[in-house]
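Right, one structure below, let's go through it.
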Amino acid sequence: GAGSGARTFVAIKPDGVQRQLVGEIIRRFERKGFRLLGLKLLQASEELLKEHYVALRDRPFYGRLVKYMSSGPVVAMVWQGLDVVKMARMMIGETNPAESLPGTIRGDFCIDVGRNVIHGSDSVESARQEISLWFRPEELTCWEDAAERWIYE
């Protein structure tokens, strides 16, 4: 459908992987109607994480954040769909789980802001940067979604 080509970057953090929430989280994005273009499980290097969180480098929690994000595997994903950046953020919930509504991923699965299970790009621009940081172009697969006509008018 028109305008359904927007993309966002979503990563399930080490706590989400350890707590075996990967399938549940993917299921929510699939059921919403978004299309998965890229998916990989990896141990993120400190270099990659420092680049990913470059905007937060002056914050007091930066060191802890990089350490936590490199403490185990993460699942990196690219999802496509209409307004996907905004809608994914809505599905994920507020950064602080205490402010996340029930029904959101963080509202349903998280308690502590330092263990908030998932990352989602916060703007179209950061989505573009994060996708190119975490994925090579050949790792993204564009495919025809047979259900799309039932999702978009």
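All positions are counted from 1 along the displayed chain.
Glycine is no exception: its Cβ is also placed from the backbone N, Cα and C atoms.
Because TrEMBL annotations are produced automatically, they should be read as predictions rather than curated entries.
Features reported for this protein in TrEMBL:
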| type | residues | note |
| --- | --- | --- |
| ACT_SITE | His119 | active site, pros-phosphohistidine intermediate |
| BINDING | Lys13, Phe61, Arg89, Thr95, Arg106, Asn116 | ATP binding site |
| DOMAIN | 7-142 | domain 'Nucleoside diphosphate kinase-like' |
All-chain count of other Cβ atoms within 10 Å of Asn116 (ATP binding site): 22
Residues in the domain 'Nucleoside diphosphate kinase-like' (7-142) grouped by DSSP into helix, strand and remaining coil: 65 helix, 26 strand, 45 coil
Segment confidence, the domain 'Nucleoside diphosphate kinase-like' (7-142), expressed as mean pLDDT: 97
Which of Lys13, Arg89, Arg106, all binding-site residues, has a Cβ with the fewest other Cβ atoms inside 10 Å: Arg89
C-beta crowding around Phe61 (ATP binding site), within 10 angstroms: 12
Other CB atoms within 10 A, centred on Thr95 (ATP binding site): 13
Site extent for ATP, whole Å (max Cα pair distance, Lys13, Phe61, Arg89, Thr95, Arg106, Asn116): 22
Distance from His119 (active site, pros-phosphohistidine intermediate) back to Lys13 (ATP binding site), taken between C-alpha atoms, in Å: 7
Distance [Cα-Cα, Å, rounded] between Arg89 (ATP binding site) and the residue listed as 'active site, pros-phosphohistidine intermediate': 9
Those residues of the chain, 6+ apart, with a Cβ under 8 Å from that of His119 (active site, pros-phosphohistidine intermediate): Phe9, Val10, Ala11, Lys13
